[in-house]
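In what follows, a single structure is set out as structure tokens and then discussed.
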Ligand code: NDP
């Protein structure tokens with residue numbers, strides 16, 4: 001049989017992108033599975049995105065991740081979108097299917113998979129989300145698509161928070177509301193799943209935590225954080241003190257990388273290897 005020295009290409013376009021750890025995780029998985037794939041971490045300026053997306057087609061790349069500031073603008077260069085990507089209006093993963101570029105958003109799917117694997121599902125659950133940025137948007141839409149009963153968005157900036165609640169009400173079947181974030185914000189008592197989707201507590205600000213009334217977090221809640229560095233945030237520690245079940249942001253990150261791996265290679269992802277590779281980075 002003729003040898004094939006050509007590697008299949010994947011990667012990420014972003015600016016800045018130097019500190020993005022996804023390549024380490026994907027490369028560990030490719031190696032584990034004996035796949036001749038590469039993951040390239042590439043700086044792409046906003047004005048060069050169109051040409052960069054052409055290169056995905058020209059090089060026959062299997063796919064590409066998009067990070068800041070390309071997640072919204074990339075929509076103009078794609079052939080098709082998943083339901084979640086269409087509602088969110090942002091794409092973080094592109095799959096090249098025989099020259100057709102398909103946009104997906106695995107941010108929310110990674111979160112939901114990690115949550116479900118921890119033993120909590122979203123069907124008929126009352127969800128409260130802190131934050132209304134890119135991560136919150138993706139998570140909120142995925143929670144709605146998975147059958148959450150009600151979603152409350154709490155955010156400092158009213159414009160962003162109210163806009164996300166409106167998006168959920170207009171484009172999904174899940175009722176949603178926005179609450180303005182006040183000092184020592186009380187968490188609604190009927191909350192079953194509480195999610196910090198803000199960047200509060202992310203390294204190096206590891207002592208920072210969302211400004212909520214922690215006594216309103218109860219043992220019946222499942223409390224999740226998107227912050228993955230550090231994995232155990234002060235927010236989660238405060239929730240655990242009150243007996244709540246906690247789910248950290250590392251799981252979301254690894255599950256996202258695993259979803260990308262499967263979308264690009266068609267193979268099951270080696271989760272343990274990917275988790276170990278990621279942990280070594282922090
Ligand atoms: P954005 O910049 O889009 O949004 C940031 C959000 O956090 C906004 O809602 C902002 O509120 C809020 N915020 C920031 N600081 C505070 C604070 N001190 N108190 C209250 N609210 C605050 O960022 P992303 O949504 O893209 O990312 C958010 C976090 O999620 C980051 O830490 C990122 O690393 C993490 N993340 C984790 C992933 C994972 O796989 N685990 C995947 C993607 C992101 P306002 O609108 O009022 O400014």
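Even glycines carry a Cβ here, placed using N, Cα and C.
From a predicted model like this one, the values you see are computed outputs, not experimental measurements.
What TrEMBL records for this protein:
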- 71: active site, proton acceptor (ACT_SITE)
- 67, 92, 107, 256: shikimate binding site (BINDING)
- 83, 131, 132, 133, 134, 135, 226, 249: NADP(+) binding site (BINDING)
- 12-94: domain 'Shikimate dehydrogenase substrate binding N-terminal' (DOMAIN)
- 119-200: domain 'Quinate/shikimate 5-dehydrogenase/glutamyl-tRNA reductase' (DOMAIN)
- 249-279: domain 'SDH C-terminal' (DOMAIN)
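Those same-chain residues not listed among 67, 92, 107, 256 yet with C-beta within 8 angstroms of the centroid of the shikimate site C-beta atoms are 65, 66, 71, 93, 105, 106, 110, 138. Spread of the NADP(+) binding residues is 24 Å (greatest Cα-Cα distance among 83, 131, 132, 133, 134, 135, 226, 249).
Considering only the binding-site residues 67, 92, 107, 256, the residues lying within 10 A of residue 135 (NADP(+) binding site) on a C-alpha to C-alpha basis are 107. For ligand 1, the neighbouring recorded positions among 67, 71, 83, 133 are 133, by Cβ distance under 6 Å. Counting only same-chain residues six or more apart in sequence, the Cβ atoms lying under 8 angstroms from the Cβ of residue 249 (NADP(+) binding site) belong to 224, 225, 226, 227, 228, 231, 233. Residue 92 (shikimate binding site) falls within neither a helix nor a strand when secondary structure is assigned with DSSP, and so counts as coil. Contact between the domain 'Quinate/shikimate 5-dehydrogenase/glutamyl-tRNA reductase' (119-200) and the domain 'SDH C-terminal' (249-279) is not supported, since fewer than 3 Cβ pairs fall under 8 Å when only residues 6 or more apart in sequence are counted. Between the CA atoms of residue 131 (NADP(+) binding site) and residue 67 (shikimate binding site) there is a gap of 19 Å, rounded to the nearest whole number. Reported as a whole number, the C-alpha separation between residue 256 (shikimate binding site) and residue 83 (NADP(+) binding site) equals 17 Å.
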